[in-house]
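Let me begin by presenting the structure, written as structure tokens, before commenting on it.
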There are 2 protein chains.
Amino acid sequence: MSDINFKQLEKAKKGAHFEWQDLKDKVKFDQDGLIPAIAQQYDSKEVLMMAWMNEKSLQETLQTGRVCYWSRSRQNYWRKGEESGQIQVLKELRFDCDGDAILMLVDQTGPACHTGRRSCFYTLVEGDQATITSEPLIAPEDLYKK
Amino acid sequence: MSDINFKQLEKAKKGAHFEWQDLKDKVKFDQDGLIPAIAQQYDSKEVLMMAWMNEKSLQETLQTGRVCYWSRSRQNYWRKGEESGQIQVLKELRFDCDGDAILMLVDQTGPACHTGRRSCFYTLVEGDQATITSEPLIAPEDLYKK
């Protein structure tokens, strides 16, 4: 099974197991060494945010059970909640069929968004209007004092 | 309001409206002119897939109410379900706080995944194992005959 890849998994039956060790080198990072990672609240199923991981932040996330992204703007590891206290505890991590996107079920403490909102996806486009759909849970000024 | 951007929306109140016409030029496409788009089933909240859109596929999706991606592998428009019949009807389209990711609530007919599975995210990584979590609803051979 050491030459397993995502293409081969397509035909696998439900419940089939493979060694992560053999699969992890087949994860498709982009030209910058990054992969998109979606965070979904495990119980409410709300999609909270999408950010990026590199190989090491993915490894850290799996090992520690706390979500660590790669910040493209800061070019550094972004241990979610390190500054704000609003951590993401990993419940489940899944790859898509091509191995080029990650879905994480997480338990998010408070807001996932730097604006203080629960989810980053608060701008709804409908017809010719964009509408703000939620209020901050915490003012961003208070969020980054912690 | 013609110079509105995503940064300014951060402070907007719930229910505030803006002209999509003024915001759409501020959407952050990457160096290839693409933006990641997540599709979530509107009622079950299952995350079905993540793919990419360019400016025109986004525009088409908003205008027609049927999801159109940009296929990076085929370098062409990918009107979801065109070949397989498994269309995605758009219920809601949202941008994240930075305007560089899209979340769509959709009504997916049958499987979203080319493997015939409902969702593309069927490979669960836990400890040293990767496990297949679902079976195809339809065999892929039958999916692409339609």
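Heads up, the Cβ atoms here are built off N, Cα and C, so glycines get one too.
Annotated features, as they stand in TrEMBL:
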- A:D96, A:D98, A:D100: Mg(2+) binding site (BINDING)
- A:C97, A:C113, A:C120: Zn(2+) binding site (BINDING)
- A:49-122: domain 'Phosphoribosyl-AMP cyclohydrolase' (DOMAIN)
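What TrEMBL annotates, mapped onto the structure for a quick look.
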{"residue": "A:D96", "record": "Mg(2+) binding site", "Cβ contacts under 8 Å, 6 or more apart": "A:I102, A:L103"}
{"residue": "A:C97", "record": "Zn(2+) binding site", "Cβ contacts under 8 Å, 6 or more apart": "A:F6, A:L9, A:E10"}
{"residue": "A:D98", "record": "Mg(2+) binding site", "Cβ contacts under 8 Å, 6 or more apart": "A:F6, A:K28"}
{"residue": "A:D100", "record": "Mg(2+) binding site", "Cβ contacts under 8 Å, 6 or more apart": "A:V27, A:K28, A:D30, A:I35, A:P36"}
{"residue": "A:C113", "record": "Zn(2+) binding site", "Cβ contacts under 8 Å, 6 or more apart": "A:L48, A:M49, A:S119, A:C120, A:Y122"}
Cβ-Cβ neighbours of A:C120 (Zn(2+) binding site) (radius 10 Å): 25
